[in-house]
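Quick look at what Swiss-Prot annotates:
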BINDING   Thr9, Lys41, Leu73, Arg87  substrate binding site
BINDING   Thr9, Phe10, His17, Gly88, Leu89, Arg90, Glu98, Tyr123, Gln124, Phe125, Ile126, Ser127, Gly128, Thr129  ATP binding site
SITE      His17  site 'Transition state stabilizer'
Amino acid sequence: MTVAVYPGTFDPFTRGHEDLVRRASSIFKELIVGVADSRSKHPFFTLEERIDIAKEVLGYYPNVKVVGFSGLLKDFAREHNARVIVRGLRAVSDFEYEFQMAGMNRYLLPDVETLFLTPSDQYQFISGTFVREIASMGGDVSKFVFPSVEKWLVKKIASDSQNKE
């Protein structure tokens, strides 16, 4: 059976991410959710926080592991003997970047395939950026993230507000 990796920043982990994990985990023997360090993106949550959040949401999937990584995806995929990289495509605008990335990954890892999954209809518009922005303005994000993630957001926003005062 095949091992797949689903890499991302997951800042924060949304219902759309979980939707892709649920569907991909039914296809593969093992799915490794790779939480990327992504320091260049200046994530809202630390790597450790994003790993903990993803583990809280995905803890009931027996064939899913959550692992943090930094460096090249090709090295992460090799380290975990992955044969497939799972990527989500929310909109046509995602396709060009993801297509180029898949080509580069195929060049670097000729024996690893990229599988694109589109989210279920109700999750196509969700992005971590939108969720963070709505939450930071006191909006309701309960339809976009799980209750545990919403608690993390509220706590982090409150902590950041106190630090700015």
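Backbone N, Cα and C define each Cβ position, glycine as well.
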For the binding-site residues listed here (His17, Lys41, Arg87), tell me which residue's CB has the most neighbouring CB atoms inside 10 Å. His17
Give the helix, strand or coil assignment DSSP yields for Lys41 (substrate binding site). helix
C-alpha spacing of Leu73 (substrate binding site) relative to His17 (ATP binding site), in angstrom: 18
Filter the binding-site residues Gln124, Ile126, Gly128 down to those whose C-alpha lies within 10 angstroms of the C-alpha of Arg87 (substrate binding site); answer none if the list is empty. none
Rounded to an integer, what is the Cα-Cα distance in Å between Gln124 (ATP binding site) and Leu73 (substrate binding site)? 24
May I ask which residues of the same chain, at least 6 positions away in sequence, place their Cβ under 8 angstroms from the Cβ of Leu73 (substrate binding site)? Val5, Pro7, Gly34, Ala36, Ile85, Asn105
Which whole-number value in Å describes the distance between the Cα atoms of Thr9 (substrate binding site) and Gly128 (ATP binding site)? 9
Across Leu89, Ile126, listed as binding-site residues, the smallest other-CB tally within 10 A is for Leu89
What kind of secondary structure is His17 (ATP binding site) part of, going by DSSP in three states? helix
Compare all C-alpha positions of Thr9, Phe10, His17, Gly88, Leu89, Arg90, Glu98, Tyr123, Gln124, Phe125, Ile126, Ser127, Gly128, Thr129, the record's ATP binders, and send over the largest distance in angstrom. 18
For Lys41 (substrate binding site), the close binding-site residues (Cα within 10 Å) drawn from Leu89, Glu98, Ile126, Gly128 turn out to be none
Counting other Cβ atoms within 10 Å of each residue's Cβ, which of the binding-site residues Thr9, Gln124 comes out lowest? Gln124
Under DSSP, is Ile126 (ATP binding site) helix, strand or coil? coil
